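Undergrad: Right, I'll just put the structure down here and ask away after.
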Amino acid sequence: MDHLPIFCQLRDRDCLIVGGGDVAERKARLLLEAGARLTVNALTFIPQFTVWANEGMLTLVEGPFDETLLDSCWLAIAATDDDTVNQRVSDAAESRRIFCNVVDAPKAASFIMPSIIDRSPLMVAVSSGGTSPVLARLLREKLESLLPQHLGQVARYAGQLRARVKKQFATMGERRRFWEKFFVNDRLAQSLANADEKAVNATTERLFSEPLDHRGEVVLVGAGPGDAGLLTLKGLQQIQQADIVVYDRLVSDDIMNLVRRDADRVFVGKRAGYHCVPQEEINQILLREAQKGKRVVRLKGGDPFIFGRGGEELETLCHAGIPFSVVPGITAASGCSAYSGIPLTHRDYAQSVRLVTGHLKTGGELDWENLAAEKQTLVFYMGLNQAATIQEKLIAFGMQADMPVALVENGTSVKQRVVHGVLTQLGELAQQVESPALIIVGRVVALRDKLNWFSNH
């Protein structure tokens with residue numbers, strides 16, 4: 001992050017703009033809206049500045065840049081068409097430890113001005129860090145179309161109710177649940193937009209009188225195979241509403257960065273052959289936190305119901321009467337194969353696909369005879385340590401030794417690596433790959449040479 005987004009309280013604080021043209025006028029308008037005590041220093045001024053000065057809204061200082069004007073300032077903007085003057089303003093501000101924006105020169109500035117969506121008191125700022133102002137403007141226009149004009153009225157009304165909410169609801173969890181009901185109430189929003197005070201009061205009283213659901217809940221969310229762009233919209237909504245997120249090592253840092261900032265995070269990383277936290281203890285963590293009335297998200301790589309032990313976790317909650325729901329995710333087989341250019345089914349090569357765990361319970365055995373059948377694709381999860389056995393068993397039960405195989409490491413991420421060969425090489429290839437990795441076996445693997453789009457590795 002090259003710039004820290006902040007919102008400045010400038011009301012009744014001295015600010016300086018150097019420049020008297022159209023660009024300076026746009027900056028001045030923003031500072032005046034923010035309530036700043038504004039001084040504008042320039043050789044000449046466009047008429048709007050004179051209008052503002054005559055109305056007592058700002059002070060004009062005609063002449064060359066006078067750096068003593070910075071002595072009482074909190075913030076400065078250099079908006080002339082002379083790069084040398086702009087640099088002088090920046091240097092003078094820097095020497096006084098005053099933040100200075102230099103128009104169209106982000107490297108010379110100590111702060112930049114974002115594109116703004118104003119639904120006061122709700123403000124949304126969009127910035128490209130000065131690298132692409134046009135992109136920031138396009139995003140702002142998109143957001144403008146998505147955010148209702150009356151959103152500011154809703155936010156302002158919420159501010160009026162804060163003391164009452166704090167008095168009526170004792171815990172942060174209760175208050176958050178109330179506000180969630182408040183902000184999704186379309187009738188209230190429309191009544192505020194229509195200035196229908198009677199309807200606003202009636203809806204408000206109904207919201208305060210309705211009992212809150214004090215029970216906690218658990219939501220199993222599939223995070224997908226790695227690329228944060230593959231997280232579903234519903235999954236994103238859930239992790240941004242969570243009180244606590246219980247996650248494993250297959251959840252990428254990019255996805256964890258999307259979690260609500262003040263949510264508690266509990267790492268229960270697991271991998272085949274090693275469990276940081278035993279499964280039964282994970283079950284109890286989910287149960288214990290939900291019984292405290294918290295909204296718990298169990299965030300799992302891939303899909304929670306495909307070799308994710310999600311069913312076991314939900315059984316514990318079901319027996320305890322804890323409400324739960326499931327948000328599916330893109331499973332590793334689908335994501336990794338797509339990002340490797342390997343279609344799992346193809347009318348010429350595979351009429352079915354089998355998802356198989358390579359990590360069996362002690363004494364377990366797979367149906368190797370059916371797995372070795374023709375015209376299908378096999379995808380082994382957690383199979384690296386068993387790769388040599390998989391190779392041996394499939395050949396022993398009749399699969400052709402030259403059957404194409406691929407191993408996908410860190411699938412769908414920028415670190416994705418794919419090694420491929422034939423079945424007789426599977427055990428050897430597995431030595432070149434680190435977990436997390438997926439094994440794909442089938443004629444469709446040969447299509448990778450033509451269909452690989454994501455990586456040349």
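Positions of Cβ are set from backbone N, Cα and C atoms, glycine also.
Feature list, courtesy of Swiss-Prot:
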type	residues	note
ACT_SITE	ASP248	active site, proton acceptor
BINDING	PRO225, GLY301, GLY302, ASP303, ILE306, THR331, ALA332, MET382, GLY411, ALA437	S-adenosyl-L-methionine binding site
MOD_RES	SER128	phosphoserine
REGION	4-202	region 'Precorrin-2 dehydrogenase /sirohydrochlorin ferrochelatase'
REGION	216-448	region 'Uroporphyrinogen-III C-methyltransferase'
Undergrad: Rank the binding-site residues ILE306, ALA332 by how many other Cβ atoms lie within 10 Å of each Cβ and give me the one with the fewest.
TA: ILE306
Undergrad: Where SER128 (phosphoserine) and GLY411 (S-adenosyl-L-methionine binding site) are concerned, what is their Cα separation in Å, rounded?
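TA: SER128 (phosphoserine) to GLY411 (S-adenosyl-L-methionine binding site), Cα-Cα distance: 29 Å.
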Undergrad: Give me the non-local Cβ neighbours of GLY411 (S-adenosyl-L-methionine binding site): same chain, 6+ apart in sequence, Cβ-Cβ under 8 Å, ordered along the sequence.
TA: PRO225, GLY226, ALA332, GLY335, CYS336, TYR339, SER340, PRO436, ALA437, LEU438
Undergrad: If you count Cβ atoms within 10 Å of the Cβ of GLY302 (S-adenosyl-L-methionine binding site), leaving out that atom itself, what do you get?
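TA: Its Cβ shell of radius 10 Å holds 29 other Cβ atoms.
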Undergrad: Hey, what's the Cβ neighbour count for PRO225 (S-adenosyl-L-methionine binding site) at 10 Å?
TA: 30
Undergrad: For the residue listed as 'active site, proton acceptor', list the number of other Cβ atoms lying within 10 Å of its Cβ atom.
TA: 20
Undergrad: Measure from the CA atom of GLY302 (S-adenosyl-L-methionine binding site) to the CA atom of the residue listed as 'active site, proton acceptor' and give the result in Å, rounded to a whole number.
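TA: On Cα coordinates alone, these residues lie 11 Å apart.
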Undergrad: So what pLDDT does the region 'Precorrin-2 dehydrogenase /sirohydrochlorin ferrochelatase' (4-202) average out to?
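TA: Here the predicted model's pLDDT, averaged over the region 'Precorrin-2 dehydrogenase /sirohydrochlorin ferrochelatase' (4-202), is 93.
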Undergrad: Using a 10 Å radius around its CB, how many other CB atoms surround the residue listed as 'phosphoserine'?
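TA: I get 17 for this one.
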Undergrad: Helix, strand or coil for ASP248 (active site, proton acceptor)? Use DSSP.
TA: coil
